[in-house]
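Undergrad: Okay, here's the structure, questions in a sec.
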Amino acid sequence: MCLYGQGVSRGYAIGRVVVMGAAALEVAHYRIAPESVQSEKNRLIQALQATQQEMQEMADNLPDDAPRELAALLTVHRMLLSDPLISDETLSLIEDKHYNAEWALTTQGQLLGEQFAAMDDEYLRERGSDVRQVIERVLVLLSGSKTALRLDHESDSDELLIVVAHDISPADMIRLRGARFAGFATDLGGSTSHTAIVARSMGVPAVVALGHIRALVRDGDRIIVDGANGTVLVNPSEVALQEYRRLQQDFIDERAELLLLKDVEAETLDGMKITLHANIELPDEAELALENGASGIGLFRSEFLFMGRADLPSEEEQYLAYSTAVKAMKGLPVTIRTLDIGADKTLDGEATVATNPALGLRAIRFCLANPELFATQLRAILRASVHGPVRILIPMVSHMHEVIATRAAIASARQELDAKGQSYAEHIELGAMVEVPAIAIAIEPFAAALDFLSIGTNDLIQYTLAIDRADNEVSTLYDPLHPAVLRLIANTINAGVRFGKSVSVCGEMAGDAHLTRLLLGLGLTEFSMHPQQLLDVKREIRNAHSNALRNKVAQALNRAHAVDPSSLYH
Ligand code: PEP
Ligand code: MG
């Protein structure tokens with residue numbers, strides 16, 4: 001049997017299944033007697049406190065080699081756990097409706113899950129899984145059992161273990177580190193889900209969004225996780241096993257070879273020097289960027305600091321986060337993108353219904369409509385600039401007046417800092433994301449007015465092709481190779497050359513090594529991507545001939561149909 005999902009961490013794992021339980025699916029539902037309300041509430045409060053304590057202990061005792069994302073994810077989970085949306089609302093359900101604690105908790109969890117699911121931004125939408133995972137931990141403690149995970153098969157066989165789950169929480173990830181596991185396969189998740197983030201940072205193959213794998217396999221089944229193709233083979237034939245063992249060895253050899261490229265130049269065969277930057281969501285990821293040879297941070301998605309909490313991060317808290325990344329990069333540039341939050345999600349977690357969220361009050365539109373919030377963020381970014389070169393990147397720009405208003409907001413943030421005697425770097429570059437087709441078409445005034453441009457292909461594709469990037473039903477039409485998309489990218493790159501401004505691509509296209517030659521052929525000299533993708537892309541660059549690619553791509557662009565990237569290899 002072959003199951004199809006989304007490969008989120010490359011590599012191949014062959015091993016025996018360990019099914020991880022999903023506590024939320026198995027809880028009892030009953031009403032309690034009025035006189036038991038207080039003791040039921042106490043039971044919940046104790047479980048919440050015990051979960052907090054468990055997570056605190058886990059964070060305090062993180063092994064030195066634990067992926068750095070885990071510490072941050074545990075912080076998010078602890079914050080969620082103390083959020084009144086979880087505790088107060090659940091207590092009210094016990095009080096008002098006399099639900100037992102487990103029922104109240106799953107009911108509230110479902111409500112929050114629906115609110116997150118309605119969010120437009122893929123990253124924020126996937127934070128709904130944090131709520132579910134936190135709730136599952138509390139349910140496990142309510143049920144009196146120590147863990148939702150069984151590793152009974154560990155001692156039965158010498159084969160490696162592969163975890164199959166509905167979803168995997170960071171807390172379970174920590175437990176799994178000690179066990180002999182080789183891969184992950186989950187029903188839920190997407191490319192920015194925790195399973196994906198952590199699996200990538202551990203270098204463990206993973207396939208998510210498999211639908212019903214948890215129901216389809218049993219403990220002890222042999223499976224192959226193909227993280228490259230996003231498939232899982234259940235009880236494969238001997239021929240398939242042999243083939244995958246070969247692929248596995250090739251992959252291991254290839255990674256070892258790639259690491260040798262860390263300190264070599266990203267330069268094409270004909271001498272074109274390429275800048276390779278990293279995308280990060282957490283300040284700690286700067287270390288990972290350096291380990292993979294990044295020469296700067298091309299995109300720091302600052303919205304992570306604002307999510308999963310009831311209040312806004314203070315100027316101090318933001319300053320600490322930005323300056324941590326800047327210091328870690330030791331003098332290399334750090335591009336901090338101002339808050340990119342969507343119209344359907346308010347910061348306190350309450351969903352509002354926008355007519356069309358993707359076209360609503362999001363990103364820079366939202367920040368300009370909330371000047372206090374924007375000023376706080378800008379002051380924090382400016383203050384971080386004393387620790388190293390900082391660049392400010394504006395998301396979702398569609399009008400020149402937004403650039404002018406942002407410059408004015410930066411100027412008044414400087415004045416506020418002057419008044420308090422706080423310092424900042426004199427010159428900070430200002431750039432815009434090119435992700436709205438309008439500015440990619442009429443790019444000249446933006447190329448003239450700004451210091452740099454960064455093409456956000458994820459949104460540029462969505463808006464150019466009128467395809468919701470998060471809607472599975474139209475995902476086959478989400479085509480990075482559509483000639484219209486490529487022409488918009490080319491137009492932006494060419495304007496950068498004419499105006500002497502740097503242009504990078506920081507959307508997913510930049511980290512896809514199959515598209516490296518195409519982007520080089522479009523004239524791109526700056527790429528920004530997840531740190532784990534940097535060396536793959538660097539290898540492609542070092543084997544490519546930039547001038548020859550430019551000629552080929554220029555010819556292909558004039559044709560009406562999509563460009564075939566494989567044609568650029570011969
Ligand atoms: C993009 O749109 O390509 C981008 C990099 O921004 P995000 O994915 O955060 O919207
Ligand atoms: Mg975007």
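Glycine is no exception: its Cβ is also placed from the backbone N, Cα and C atoms.
Remember, TrEMBL labels are computer predictions, not curated facts.
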Undergrad: May I ask you to find which of R255, R337, R414 TrEMBL records for the phosphoenolpyruvate site already listed with R301, N458, D459, R469?
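TA: Between R255, R337, R414, TrEMBL records just one in the phosphoenolpyruvate site with R301, N458, D459, R469, namely R337.
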Undergrad: How many helix, strand and coil residues does the domain 'Phosphotransferase system enzyme I N-terminal' (5-127) contain under DSSP?
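TA: Its residues fall into 78 helix, 15 strand, 30 coil.
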Undergrad: Once the DSSP letters are reduced so that anything not helix or strand counts as coil, what is C506 (active site, proton donor)?
TA: coil
Undergrad: Three-state secondary structure of E435 (Mg(2+) binding site) from DSSP?
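TA: Note: E435 (Mg(2+) binding site) is coil by DSSP, not helix or strand.
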Undergrad: Around ligand 1, within a Cβ distance of under 6 Å, which of the recorded positions R337, E435, N458, D459, R469, C506 show up?
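TA: Going through R337, E435, N458, D459, R469, C506 in sequence order, those close to ligand 1 turn out to be E435, N458, D459, C506.
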Undergrad: List the recorded positions R301, R337, R469, C506 whose Cβ sits under 6 Å from any atom of ligand 2, in sequence order.
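TA: Among the recorded positions listed, not one has its Cβ under 6 Å from ligand 2.
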Undergrad: If you measure every Cα to Cα distance among R301, R337, N458, D459, R469, the residues said to bind phosphoenolpyruvate, what is the biggest one in Å?
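TA: Per the listed residues, the maximum Cα distance equals 20 Å.
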Undergrad: Enter the number of other CB atoms within 10 angstroms of the CB of R301 (phosphoenolpyruvate binding site).
TA: 19
